[in-house]
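Chemist: Below is one structure. I have some questions about it.
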Amino acid sequence: MAFMEKPPAGKVLLDDTVPLTAAVEASQSLQSHTEYIIRVQRGISAENSWQIVRRYSDFDLLNNSLQITGLSLPLPPKKLIGNMDREFIAERQRGLQNYLNVIMANHVLSNCELLKKFLDPNNYSANYTEIALQQVSMFFRSEPKWEVVEPLKDIGWRIRKKYFLMKIKNQPKERLVLSWADLGPDKYLSDKDFQCLIKLLPSCVHPYIYRVTFATASESSALLIRTFNEKGTLKDLIYKAKPKDPFLKKYCNPKKTQGLELQQIKTYGRQILEVLKFLHDKGFPYGHLHAANVMLDGNTCRLLDLENSLLGLPSFYRSYFTQFRKINTLESVDVHCFGHLLYEMTYGRPPDSVPVDSFPPASSLAVVAVLESTLSCEACKNGMPTVSRLLQMPLFSDVLLTTSEKPQFKIPTKLKEALRIAKECIEKRLTEEQKQIHQHRRLTRAQSHHGSEEERKRRKILARKKSKRSAVENSEEQPVKHSNSNNSAGSGASSPLTSPSSPTPPSTAVEHAPL
């Protein structure tokens, strides 16, 4: 296979952030074990669903793999005797459903490769680390000065993005990190423009962007090399984590977390907003802000992974902002993601849910004011402020930044136009997805209301009232019909004769009267 071989025509680029839901529908007992039939669905469309069959041992294997998180997950215990009883099987089925519900409610776990392989083996059967290693090895055949030291296994959350510790052969003490990533569903650049923009990234100079040492790409993936930072990211600082540890171990259930001091929040927040404004002014879409994408260099924050938007990769927080139709541009996505980051810097953990109804006490009311403008119900409903507006808020307006490095990122006019079109396409897909989710939510609410106990009682009462009203109307009509019958009989001599073979059809005027 050639280096970074182009994917076959018609290859489906899945959005790995679209939530999977799973319902344990039934069970079937075989000679020595029980199998559980699970209906899995991607997103909101029931048409995009499939069945899988799993044994208890499969759940047990998944659970063992998730032990790296340190979480106590509610997997039903093993039972050696009586495990074929019908009541026990029904109870275990409910327990396994609860187990899946707990995992899928966890934002980090719901996006992890272990769960995806368990629920969707057809789309997640590949060994992505092996694929990445093959591609990287092919590349280094023509670039002999680089050498792979070791894979940095699972340090990131993305399934199709892998990392390797590198060195330069004539500079063995210098450590670098290589990232390799496949294309995502939002890749709208032409192959030529995509490769040109990736190769431009090393020329991007900004005091708050982490420098790219080397970058290259093909039609199907990209490979970038940066200096390895022993201190790690902003998220590593908050979670007291080691940069080389797996993502699930570091961030899923940290034993110690600590919010930052107010001055750190102000300084880091201002630096991040400055680089977001720089990228927005350049027309360069980002959309991938989170604490693990912010490298710490002393007292300076530097943004990582500018290549993600060029590759078309979905955002870490996509399942959050797809719920809110007013967050429909990459600029507003960045501001909403900044709210998540600020919350994590302030409280040492992510919010339990979004929107946030009320915020815990913070070191400053100015912090809460920014959080309310980006994560509250009102903000999510009415829209995000601009980055310029956040920079003017009291939390950041008095922060003085001292740097001698002049920002520089020259993008040719033709590529700027390509970026603009790609950005519009990304936003269009986001808007369409938000519309579908909104319509689905309305339909679900209507169906839930229609099937509720209160609504059923109301319909029964209305039906009884209608029945009584009809009975009263019928009883009032009887004397009138009897009187009309007598009158017709009395005046029969003066009435014209009608043919008995052609009776008059009944009138339909009453049937159409309500219209």
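Each residue, glycine too, has its Cβ placed from N, Cα and C.
Heads up, here are the entries from TrEMBL:
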- 437-448: compositional bias 'Basic residues' (COMPBIAS)
- 457-469: compositional bias 'Basic residues' (COMPBIAS)
- 483-501: compositional bias 'Low complexity' (COMPBIAS)
- 14-126: domain 'PX' (DOMAIN)
- 88-481: domain 'Protein kinase' (DOMAIN)
- 433-515: region 'Disordered' (REGION)
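Tell me about the setting of these features in this model.
Modeler: Beyond the ends of the compositional bias 'Basic residues' (437-448), by six or more residues, the same chain brings 44, 322-323, 325 to within a C-beta distance below 8 angstroms of the stretch.
Mean pLDDT, taken over the domain 'Protein kinase' (88-481), works out to 92 on the 0 to 100 scale.
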Chemist: Give the residue counts of the domain 'PX' (14-126) per reduced DSSP state, in the order helix, strand, coil.
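Modeler: Helix/strand/coil tally for the domain 'PX' (14-126): 44 helix, 26 strand, 43 coil.
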Chemist: When the compositional bias 'Basic residues' (457-469) is classified with DSSP, how many of its residues are helical, how many are strand and how many are coil?
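Modeler: Counts, helix then strand then coil: 13 helix, 0 strand, 0 coil.
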